[in-house]
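K.L.:
Below are the features listed in TrEMBL for this protein:
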BINDING   Asp19, Glu20, Asp126  divalent metal cation binding site
DOMAIN    13-235  domain 'RNase H type-2'
Amino acid sequence: MGAVLIPEWASEPCIMGIDEAGRGPVLGPMVYGCLYCPLSYQQTLASLNFADSKTLKEEKREELFENLKSDPSLGWGVDVIDPRDLSAKMLQREKINLNEISHNSAMGLVRRVLDLGVFLTEVYVDTVGDADKYREKLSARFPGVKFVVSKKADSLYPVVSGASIVAKVTRDRSLRDWVLDETAQNITRNFGSGYPGDPDTKAWLEKNKHLLFGFPSLVRFSWGTCTPYFKDCIQVLWECDKDEEEGSTASNGKKQLKLSSVGFTGYKRKIEDIESSGKGRCKFFQTRKLELVTKFG
């Protein structure tokens with residue numbers, strides 16, 4: 001969070017804006033930002049020249065961010081979601097899609113500001129998905145707060161414009177200062193904007209893919225953009241069990257997304273190979289239909 005001390009005005013009715021930066025890129029984190037202030041400061045807020053961060057040059061965003069940080073009548077906070085976390089959540093057994101990740105991040109920011117002791121009465125949010133359903137979801141979680149959810153909220157409400165600046169500058173700085181774990185590969189930082197259509201980003205992905213380990217940790221490997229780059233990669237053999245051999249299904253009845261669908265490939269082994277690896281069930285138990293028992297009646 002940007003503010004850790006309880007502001008003097010925290011007990012007054014307050015408004016809050018929430019917006020994100022980095023939802024679409026294939027590289028780097030997604031950042032959710034918030035800005036909050038007393039309701040009585042709303043008119044002054046409108047005169048601070050905040051605007052949708054996408055319409056501002058980098059220098060202007062940096063200037064406005066420093067200004068809001070030094071303003072005693074404003075509070076701010078961020079939630080930085082690592083690209084590895086994004087991919088892991090979207091590919092895990094119980095998958096979490098990008099909209100739900102976004103909703104959870106926004107609700108986390110509201111909870112953290114409330115826990116600071118700030119008396120939030122109104123929260124303005126740039127919508128993700130259906131605006132009415134999103135508003136109902138937020139209102140159900142925080143019944144004492146009025147939520148306004150709309151498209152282009154960062155252009156309509158100064159408090160959301162301020163939040164968009166917080167999110168965008170934080171993401172830009174995160175990318176600029178990103179420490180690549182894969183230092184042995186001499187990876188360059190000329191990755192462009194990180195958006196899938198950027199020629200510099202495409203060239204960087206092609207140059208920095210590893211035939212065995214895939215992409216550097218900066219890359220959201222769950223993005224469909226990455227799939228074509230895996231066609232020449234080394235086949236990877238994954239641990240298997242009975243359910244996977246038969247085609248596993250999630251508990252909700254939906255077919256589970258396999259890693260092969262995002263570029264990782266494998267091949268079927270003979271049962272003897274599986275047994276010898278220690279990762280499959282021995283044929284002795286399979287033919288006798290013996291199962292592991294952990295409790296006795």
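Note that Cβ sites are derived from N, Cα and C of the backbone, with glycine treated the same way.
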K.L.:
Rank the binding-site residues Asp19, Glu20 by the number of other Cβ atoms within 10 Å of each Cβ and report the first-ranked residue.
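P.N.:
That would be Asp19, with the most Cβ atoms nearby.
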K.L.:
May I have the list of same-chain residues other than Asp19, Glu20, Asp126 whose Cβ is within 8 Å of the Cβ centroid of the recorded divalent metal cation site, in sequence order?
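P.N.:
For the divalent metal cation site, the extra neighbours are Ile18, Ala21, Tyr32, Gly33, Val125, Val128, Ala153, Asp154, Val160, Ala163, Ser164, Ala167.
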K.L.:
Just to confirm my parser: what is the rounded mean pLDDT across the domain 'RNase H type-2' (13-235)?
P.N.:
91
K.L.:
Count the Cβ atoms, other than its own, that fall within 10 Å of the Cβ of Asp126 (divalent metal cation binding site), considering every protein chain shown.
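P.N.:
Here the count is 27.
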